[in-house]
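First the structure, in the form of structure tokens, and then the observations on it.
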């Protein structure tokens, strides 16, 4: 077999690891995303594990409808933060990103039947703003997560299109709720009259919008943090193939447009041919990947590019994730 140049010889300009993320204590929000099938969940869980070694408390949230973090950790998670087995400071939860405002729990609207009616009316009102229904569900999750005071929160996101929508939620909510709350004084007399007709003397706009008013400051804070590189960063995960590289470039352009920091790329599932064994398929695969690694080097010379190997086994369970995650901070050598 012809000798080939190791991929690890590339990318000398910046540390080829996520040490910069681990060592940046100010980071509050870390998003991990990319094209489907590139190993985002394994990378998300590995980042979470590495951060748990140095942070006070870490939460990983799956916003992917497939909810693969349960499979990765080999432990069932729900919409409530649950301690990951084997850790004292790492929690995981799974949320359904497709739930809308109407799916929020009843205790979101504290009070008697009047508030249930308020929920229905506000739901109809919010329906006039495209994207706000789904965004409000995300807003409630962010409000709860914010109140739990985790040191760092990692989002294991769905494929690229949904991820970009997720990141736009704070600005969607800020604009839409601002408009709704600005109308409150105008519609308040009509709501009071409507309540009187139904024999509900206490029904008023203040009660109906109280939760929205609680949510808006949190969302403004989160929106500001998302655009602050001291608090938020995005880790792009890809494989060394044309479609994945194309999707990564599109993602980075959108993140830049949205003013969201990104300076880490993880290239997953790389083949490192053995000099001891003949493997024509491995060498052919390596040469294809190396072509795209060269392109990544040219395109993203100001990024930390971490290379992860294609393994012969699944990365499932805490022990295997811990072992695999070491490649994120210590560059892999075949």
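Cβ atoms are placed via backbone N, Cα and C, with glycine included.
As recorded in Swiss-Prot, the features of this protein are as follows:
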{"type": "BINDING", "residues": "35, 36, 37, 38, 39, 40, 41, 42, 241, 268", "note": "ATP binding site"}
{"type": "ACT_SITE", "residues": "64", "note": "active site"}
{"type": "BINDING", "residues": "279, 282", "note": "Zn(2+) binding site"}
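In this structure the residues listed as binding ATP are 35, 36, 37, 38, 39, 40, 41, 42, 241, 268; their two most distant Cα atoms lie 19 Å apart. Remark: residue 39 (ATP binding site) has 237, 239, 268, 269, 308 as non-local neighbours, by Cβ distance under 8 Å and separation of at least 6 in sequence. Note on the binding-site residues 279, 282: the fewest other CB atoms within 10 A surround the CB of 279. Note on the recorded positions 35, 37, 41, 64, 241: the fewest other CB atoms within 10 A surround the CB of 37. Using Cα positions, the member of the recorded positions 64, 279, 282 nearest to residue 37 (ATP binding site) is identified as 64.
The distance from the Cα of residue 41 (ATP binding site) to the Cα of residue 279 (Zn(2+) binding site) comes to 29 Å. Annotated pair residue 279 (Zn(2+) binding site) and residue 64 (active site), C-alpha to C-alpha distance, rounded: 36 Å. Among the binding-site residues 35, 241, 282, the residue whose Cα lies closest in space to that of the residue listed as 'active site' is 35.
Here residue 35 (ATP binding site) is positioned 23 angstrom away from residue 282 (Zn(2+) binding site), judged by their C-alpha atoms.
When secondary structure is read from DSSP and collapsed to three states, residue 39 (ATP binding site) falls in the coil class.
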